[in-house]
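Asks: Summarising the annotation, Swiss-Prot assigns Zn(2+) binding site to Cys15, Cys18, Cys37, Cys40. Under the heading ATP binding site, Swiss-Prot lists Pro119, Thr120, Gly121, Ser122, Gly123, Lys124, Thr125, Leu126, citing sequence analysis as support. For 3-56, the entry in Swiss-Prot reads domain 'ClpX-type ZB', with the evidence type sequence analysis.
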Amino acid sequence: MSKVGTSDSKNTLYCSFCGKSQHEVRKLIAGPTVFICDECVELCMDIIREENKSSLVKSRDGIPTPKEICKVLDDYVIGQSHAKKVLSVAVHNHYKRLNHQTKHNDVELAKSNILLIGPTGSGKTLLAQTLARILDVPFTMADATTLTEAGYVGEDVENIILKLLQAADYNVERAQRGIVYIDEIDKISRKSDNPSITRDVSGEGVQQALLKIMEGTVASVPPQGGRKHPQQEFLQVDTTNILFICGGAFAGLEKIISARGRSTSIGFGAQVLAPEDRRTGEIFRHVEPEDLLKYGLIPEFVGRLPVVATLEDLDETSLKKILTEPKNALVKQYQRLFEMENIELTFADEALGAVARKAIERKTGARGLRSILEAILLETMFDLPGLEGVEEVVISREVVEGTARPLYIYADRSDRAVENASA
């Protein structure tokens with residue numbers, strides 16, 4: 001509402017919610033008898049987003065069903081149906097176990113931590129990030145490559161629980177019901193077959209340190225980080241009900257699996273796993289605990305990851321879908337960028353196929369798609385802000401292959417469009 005002050009400010013308008021004047025805010029929106037500023041509008045939008053997020057996949061008893069979780073994952077992640085099912089069931093069981101563990105004390109339900117194995121760019125991290133977006137439990141991600149044993153330069157294992165505690169706003173009860181995703185878990189494999197050669201503080205030592213918190217223990221967590229503030233009071237966090245999901249590319253594991261297949265194949269009808277003839281994701285389906293042991297994981301660590309989900313290589317069809325179908329698809333992102341210049345960006349179907357083939361050749365999976373599109377659109381994004389009259393840019397297969405330039409279509413339909421398309 002408008003408030004009247006002194007004679008020099010009698011026409012000054014104020015926000016009816018926070019009381020700030022029109023000079024203190026960027027925008028002041030008028031209603032019949034009230035005013036609201038842009039800051040209050042943004043605050044209201046944040047409140048609505050949080051409510052929508054928490055009610056996204058709720059079902060009876062507040063437990064999201066596996067199908068509901070999987071359906072939301074489908075909106076953001078293309079393919080990997082098996083891994084989605086494993087994650088959806090594990091998360092559903094995690095909720096169900098926590099909600100019903102006090103009702104039947106005769107049978108104690110143990111948690112099942114998950115190991116995700118898949119080639120680079122197959123969607124392991126994206127699956128975890130999407131879970132973080134849709135689940136109403138504290139969630140944190142950790143990078144195994146930064147972890148070391150306590151007392152050495154690097155992050156302590158307890159820092160993972162500290163991050164989860166921070167995600168729960170230091171609410172210990174909520175943190176004890178959370179989910180932790182540890183990425184690059186293959187990078188902490190044992191560096192040598194002989195464990196007594198030297199102390200492996202970033203490999204086997206980290207595996208040993210992770211054992212207790214993954215199985216369940218009461219961890220002493222320093223709220224401000226233990227190394228810089230040694231005198232602070234520690235918080236006690238029980239990790240028994242925290243679900244751990246570990247993911248890694250496990251480069252070279254396919255050779256170990258194939259070697260085992262050759263050594264155990266006897267007779268004319270035996271199947272031989274040949275890495276040169278089969279995709280990495282297909283070979284990962286045959287992984288056994290003994291293969292993980294040979295790779296460098298210690299037996300106790302493998303035993304604490306009873307559920308193993310493997311992700312497949314992404315083929316050309318899947319990569320084309322990744323470019324266009326998810327809600328935050330790369331093509332949609334670049335089209336939005338061009339819309340800011342009032343220009344329509346169009347990709348020919350053959351162009352999307354060429355982009356997918358380039359990613360397959362580079363063996364970078366979906367992670368390499370953005371760098372390919374950046375290289376293709378670099379000159380266009382450099383030129384367009386200085387050009388007038390362009391209403392559409394068309395990317396063809398020849399543009400992706402580097403034999404032609406993008407086609408510029410002008411509003412006046414002049415011959416300049418053809419000139420821009422020439423190599």
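Using the three backbone atoms N, Cα and C, a Cβ is placed for every residue, glycine included.
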Asks: State the three-class DSSP label for Lys124 (ATP binding site), counting H, G and I as helix, E and B as strand, and everything else as coil.
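Replies: Lys124 (ATP binding site) sits in a helix per DSSP.
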Asks: Among the binding-site residues listed here (Ser122, Gly123, Thr125, Leu126), which has the Cα closest to the Cα of Cys37 (Zn(2+) binding site)?
Replies: Leu126
Asks: Sorted by position, what residues of the same chain at least six away from Cys18 (Zn(2+) binding site) have a C-beta under 8 A from it?
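Replies: When sequence neighbours closer than 6 are ignored, Cys18 (Zn(2+) binding site) has Cys37, Glu39, Cys40 within Cβ distance under 8 Å.
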Asks: How big is the Cα-to-Cα gap, in Å, between Gly121 (ATP binding site) and Cys15 (Zn(2+) binding site)?
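Replies: The separation of the Cα atoms works out to 48 Å.
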Asks: Between Cys15 (Zn(2+) binding site) and Thr120 (ATP binding site), find the distance joining the two CA atoms and give it rounded to the nearest Å.
Replies: 51
Asks: In sequence order, what residues of the same chain, 6+ apart, have a Cβ less than 8 Å from the Cβ of Thr120 (ATP binding site)?
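Replies: In sequence order, the residues whose Cβ lies under 8 Å from that of Thr120 (ATP binding site) (at least 6 apart) are Ala249, Ala251, Lys363, Thr364, Gly365, Arg367.
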Asks: Would you list the other residues of this chain near Zn(2+) - those whose C-beta lies within 8 angstroms of the C-beta centroid of Cys15, Cys18, Cys37, Cys40 - in sequence order?
Replies: Ser16, Phe17, Gly19, Lys20, Val25, Leu28, Phe35, Ile36, Asp38, Glu39, Val41
Asks: Does DSSP put Cys37 (Zn(2+) binding site) in a helix, in a strand, or in coil?
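Replies: In the DSSP reduction, Cys37 (Zn(2+) binding site) maps to strand.
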Asks: What other residues of this chain sit with their CB within 8 A of the center of the CB atoms of Pro119, Thr120, Gly121, Ser122, Gly123, Lys124, Thr125, Leu126, the recorded ATP site?
Replies: Gly118, Ala249, Leu311, Gly365, Ala366, Arg367
Asks: Across all the protein chains here, work out how many other Cβ atoms are within 10 Å of the Cβ of Lys124 (ATP binding site).
Replies: 26
Asks: For Ser122 (ATP binding site), write down the residues of its own chain that are at least 6 apart in sequence and whose Cβ falls under 8 Å from its Cβ; none is a fine answer.
Replies: Gln80, Gly281, Leu311, Glu312, Asp313, Leu314, Gly365, Ala366
